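Input: a single structure, listed below in C-alpha cells.
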Amino acid sequence: MRRLNRKKTLNLMKELDAFPKVPESYVETSASGGTVSLIAFTTIAFLTVMEFMVYRDTWMKYEYEVDKDFTSKLRINIDITVAMRCQYVGADVLDLAETMVASADGLIYEPVVFDLSPQQKEWQRMLQLIQSRLQEEHSLQDVIFKSAFKSASTALPPREVNSFQSPDACRIHGHLYVNKVAGNFHITVGKAIPHPRGHAHLAALVSHESYNFSHRIDHLSFGELIPGIINPLDGTEKIAADHNQMFQYFITVVPTKLHTYKISAETHQFSVTERERVINHAAGSHGVSGIFMKYDISSLMVTVTEEHMPFWQFLVRLCGIIGGIFSTTGILHGFGGFVAEVVFCRFRLGSHRPTSVPLPDGHTSNHLPLTTDNSMH
C-alpha cells in the first residue's frame, strides 16, 4: 500500500515537471550553435564579474531634516598662522547673543616661521590641488567620507629644525566651544578685553607699520574632529597687499551626521565665500584690519549614510543576467538560422530552375525531363 502511494506521488511529481528532459538521440548540435553558446558563456562571465564589483561597491545616501538641537555647544577647530608676532594679535569669538569667548579658553599662541619648508610647501600644493578637484568633481566628497579615519592625516607636517630662522609669525591653534547661533570669529591687532557693550582690542600700542595680516589656514572645521576629512578652507593662503587690509570669510555651517561602515560621527560641513579689501577711511572703505570669519548655522541637518546592495538583490540581478542572455542568444540564433535557411533555399531553387522543352505542336513544356537509367549511366 505504501509502495502504491509512493508510486502515485512520484507520477504526480513527474506530471508537474516544468523542465522535461529531451533524450540525447533527439538533440542535434551544430557549429553555429556552439559559437553562439561560447559567446553567451563569455558574456555571462564578464557581466557576472562586473555585477559582483557593483555588489561590493557602496554609495552615500543623503537625507535632510530640520535640526532640532539648539542647546548643545558648537566646537570650532582652528589652526591658522598669521604673519605677525604673537604679542601683537588676539583672537576671540563674539556671537549674536553678545557672548564673548576668549582665545584663552582653548587656543594656543605659538611663535613660528611663516615661510614653509620644502616638505610643507609640497603638502600645501597637494592640498590645494585636491581642493580644486573637489570644486570641480563634487562626487569626490563621497570618496572622502568613505575613507575617513583610514586615510593619511591632513595636518601640516612638522617643520625641520632650523636654528638660523627666528620666528616672525604666530600660529593660533586649538578649539573653542561656542553657542549654536551665528557668530564672528576674528583675529585682529591687540588682545581682546571685555566691554559692557561687547569687547575691544588693545591696539593702540601697536604701530600700523607692523600690521601684516597675511595668513595661512592649515585647518578650520566645525564639530567633531575627523581625521581624513578635507574642509573647504584647508590649505588656503592669503598675502596682504597693504598694512591695513581686511580679510572676510562668510561661512554657512550645516550640521551633518555621518554613518559609514567605518565610523559614526556628528560633524558639520560648511560652504564659504571670501572677500578682501584695503581699509581706507578717506576713500570710504571703513572697518578694522584683521581676519574675520562670520559663520551662520543652517536650520537643516544632513544625514549621510553609506549603503550597500542587499545580497538578495544581487542574486535577482544575476539571475536576470543569465536568463536574459540565454533567451536573447537563443532567439537571435533561431532567427539567424531561419534567415540563412530562406536565403539558401532560394539559391538552390534558382540553380535548379526548369528549362523549356519545345513540343511538336508548337507548345513548350516547363517540366523537368525524367531521368532514366540510361541517362544516369
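Backbone N, Cα and C atoms are what each Cβ position is placed from, and that goes for glycine too.
Residues annotated as domain 'Endoplasmic reticulum vesicle transporter N-terminal' in TrEMBL: 13-98. Residues annotated as transmembrane segment in TrEMBL: 35-55. As annotated by TrEMBL, domain 'Endoplasmic reticulum vesicle transporter C-terminal' applies to 165-331. The region 'Disordered' feature in TrEMBL is assigned to 356-377. What TrEMBL records for 363-377 is compositional bias 'Polar residues'.
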The domain 'Endoplasmic reticulum vesicle transporter N-terminal' (13-98): mean pLDDT? 82
Pull the DSSP breakdown for the domain 'Endoplasmic reticulum vesicle transporter N-terminal' (13-98) and write it out as helix, strand, coil residue counts. 35 helix, 26 strand, 25 coil
